[in-house]
Structure formats: structure tokens, C-alpha cells
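Q: Reproduced below are the annotations present in TrEMBL:
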type: SIGNAL; residues: 1-27; note: signal peptide
type: DISULFID; residues: 37-52; note: disulfide bond
type: DOMAIN; residues: 64-212; note: domain 'Cupin type-1'
type: BINDING; residues: 109, 114, 119; note: oxalate binding site
type: BINDING; residues: 112, 114, 119, 158; note: Mn(2+) binding site
């Protein structure tokens, strides 16, 4: 029974992933055309996904990458550890992946989108204030606690913040082997080459000096 309780969070996420993929019209990735296609991550051939490698083993379908908390060292106080096709080659063409997100007290996974997947999270411990914003600019938000599940629709801007005094963590599931993530602030203020100051100033209705100040905060540390 104790072992089952430990596995319950992963069971919940896996069941959610299967439910997401039950409707192929809404699947994040194209349908597979063969039983398996273990990704050849070293291939230079460019395809939509990854080419299949000729030999594979059970190790290509397994990973301990999200088994432990990650070391949080960034300015946002959170860390996303992906269990996707880049760390589990056997996920190629299967249309699923997972991630672990760890949050320091006060940490945030800042507003971002996943262009290729719907996301569902299960709270391992702690509590988080989460939300997503519809294309009609309606905020859907709530506080989620240990054992709770919350879904973020594909492509919509969303966030999670730990306003508690203790660490928090979630396991996330996606209906894509590589959902992608685009964080709004770094995308706009740390792009290479940079987005012009006048575009950002007019967009956010601020001065160019303020734009430059924000860009400096996202610049790589020297």
C-alpha cells in the first residue's frame, strides 16, 4: 500500500495523458505510423521530430531524470526538469512527455506558453497560485494544494507561483513528445538579435530607458 501511494502522482498524470490522447483530433503530435521509432538524437537529418535509430533497448524508454528535486539557481526561483524525447528517446512519435517543476519559497514559473501541448500538473507537495489567460483576456486562476490537479490549455499563457514559505513541486504531463516553452519576458527582452527598443516601448507604453533597463536584467551575467 505504501508503494502504491508513492506511485499515485505518476499514475494520475499517466491517466491524464491517456485521456488527452484519446481524442486524436486534439492530439498535440501527428499520429505514429509504426509501433516505435526510438529517436536518433545524433542524426543530422532534419525531419518533423527525430529519425528512428536502428538499434534500441529498454533504456531508451526509461529515465530517472525527474526522480529528485532540481537545484534552483535562477532569478525566478523555479526549475523545470523535462522528461521528454530529448532525455527519453523512446518517446519519439508517442505524443507524450512529462516534467518536474520545483519552486523555492516565493519562486515563480513566469508567464509562458507551450505551443505544441496542453499541460496538466499534479502537486507533489506545497501549494501554488496558478492561472492561465484566455484569448479574450479572461484570467482563470486558483490556489492548488498537495494532491490537486490543474490543467493549462494548449498555447495559452499561464504561470505558477509559490507564495508559501516552504518549497513546492509538481509533476506535469503533456500531450507532445516535445511541447516547447516560450517564456514571455525573456522572449521579448532577451531575443537574439534584440527586439528594437521602440517596438517594446510602444507595446508596453513605457520609455526606451525603461526598456533598456529591463533588457539589462535579462542579459547574460558576465
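The count begins at 1 with the first shown residue.
For all residues, glycine too, the Cβ spot is worked out from N, Cα and C.
It should be emphasised that the depicted structure is a prediction, and the values quoted were computed from it without experimental measurement.
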Q: Rank aside, I only need the closest one: which of the recorded positions 37, 52, 119 has its C-alpha nearest to that of residue 112 (Mn(2+) binding site)?
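A: Nearest candidate: 119.
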Q: Which residues does residue 119 (oxalate binding site) neighbour through Cβ under 8 Å, counting only same-chain ones at least six apart?
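A: Listed in sequence order: 151, 152, 154, 158, 172, 173, 174, 179.
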Q: Using Cα coordinates, what distance in whole Å links residue 109 (oxalate binding site) and residue 37 (disulfide bond)?
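A: Given the Cα positions, residue 109 (oxalate binding site) is 32 Å from residue 37 (disulfide bond).
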Q: Report the member of 37, 52 (the disulfide-bonded residues) whose C-beta atom has the most other C-beta atoms within 10 angstroms.
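A: The most densely surrounded of these disulfide-bonded residues is 37.
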Q: Excluding 112, 114, 119, 158 themselves, which residues in that chain have a Cβ inside 8 Å of the centre of the Cβ atoms defining the Mn(2+) site?
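A: Everything else in range on the chain: 113, 132, 152, 156, 157, 179, 181.
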Q: Please report how many Å separate the Cα atom of residue 37 (disulfide bond) from that of residue 114 (oxalate binding site), as a whole number.
A: 24
Q: Return the residues near residue 114 (oxalate binding site), defined as same-chain residues 6+ apart in sequence whose C-beta is under 8 angstroms from its C-beta, sorted by sequence, else 'none'.
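A: Result: 152, 154, 155, 174, 176, 179, 180, 181, 182.
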Q: Among all chains shown, work out which of the binding-site residues 112, 158 has the most CB atoms within 10 A of its CB.
A: 158
Q: What are the other residues, in sequence order, whose C-beta lies within 8 angstroms of the center of the C-beta atoms of 109, 114, 119 at the oxalate site?
A: 80, 99, 112, 113, 121, 152, 158, 172, 174, 179, 181
Q: Looking only at the domain 'Cupin type-1' (64-212), report the model's average pLDDT.
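A: That region's mean pLDDT is 97.
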